[in-house]
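Positions annotated as DNA-binding region by TrEMBL: A:15-74, A:98-157. What TrEMBL lists as compositional bias 'Polar residues' is A:1-10. Residues annotated as compositional bias 'Basic and acidic residues' in TrEMBL: A:79-98. TrEMBL lists A:13-73, A:96-156 with the feature domain 'Homeobox'. What TrEMBL lists as region 'Disordered' is A:1-22, A:73-101.
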Amino acid sequence: MGQDSPSDKTMVTKGRRSRTSFTEEQLEILVQAFSQNPYPGYTAKQRLAVEINAEESRIQIWFQNRRARHGFLKRPKKKLDPSKDHASPKEKIQDGRDRRCRTSYTSSQLQTLKNAFTENPYPGIDSREQLAEKIGVPESRVQLFLPETGMAQKDQEMKNIQEKTNQNTHIAGNFEYKSVLDLKLYLSETEDTVATQHVTFSKRSAVVASGV
DNA sequence: GCTAATCTAATCAACCTCCGGTTGATTAGCACATTAGC
């Protein structure tokens, strides 16, 4: 999914975290850990992070990428019967007992995050780190939090957008259109790079489009 | 029930090295990802 328009590329590239380069020793440890367990829990990732002196969020990304590139099976959608012992290794490990503690935000933290999201739904690494420091949570939580801010509120906004859709009308910025083709045509005519971000239909872009 | 945490999949982009392969980072998820804690 992701970014398939030039303006999106620009938008996303801005403020990207610099590429982490793991040393051979770090990789050796990671590969070994992966071979033992491709779905480590939170504490295992924390332990690894300490062991190789890296952020836990980088470990998580490394495991995600490794799973994706080494032919690991999709997460099964079906819920497993706990009485059965047929659980896949992943399910045995990721059964909810070793998750990061759920982060709960204070109202002032929430307000700060919401304000930041309103100002910029695609903050770069610098902004995220500043924000993280400001509200006292890890940067990885800020990165995850932003697109999900106020989901109940956004759901309502999504429904509002859907209502518009049902009325055969969509909105991108100040432009109303009846189909994505119309919008693409409009964008190609106007070269409105700002509006291009509204082409993708996603949680985040819907919020952007609705002006939250 | 709401929503943070986590997942897969797709894609972008930096790096190494020589132009494409490898791999870290980011984003979306849709007749609305799934799982699980509060």
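The chain as shown is numbered from 1 upward.
Note: Cβ is positioned from N, Cα and C throughout, glycine not excepted.
Curation does not apply to TrEMBL; its annotations are automatic.
Across the DNA-binding region (A:15-74), DSSP classifies residues as 38 helix, 0 strand, 22 coil. Break the DNA-binding region (A:98-157) down by DSSP state and the numbers are 41 helix, 0 strand, 19 coil.
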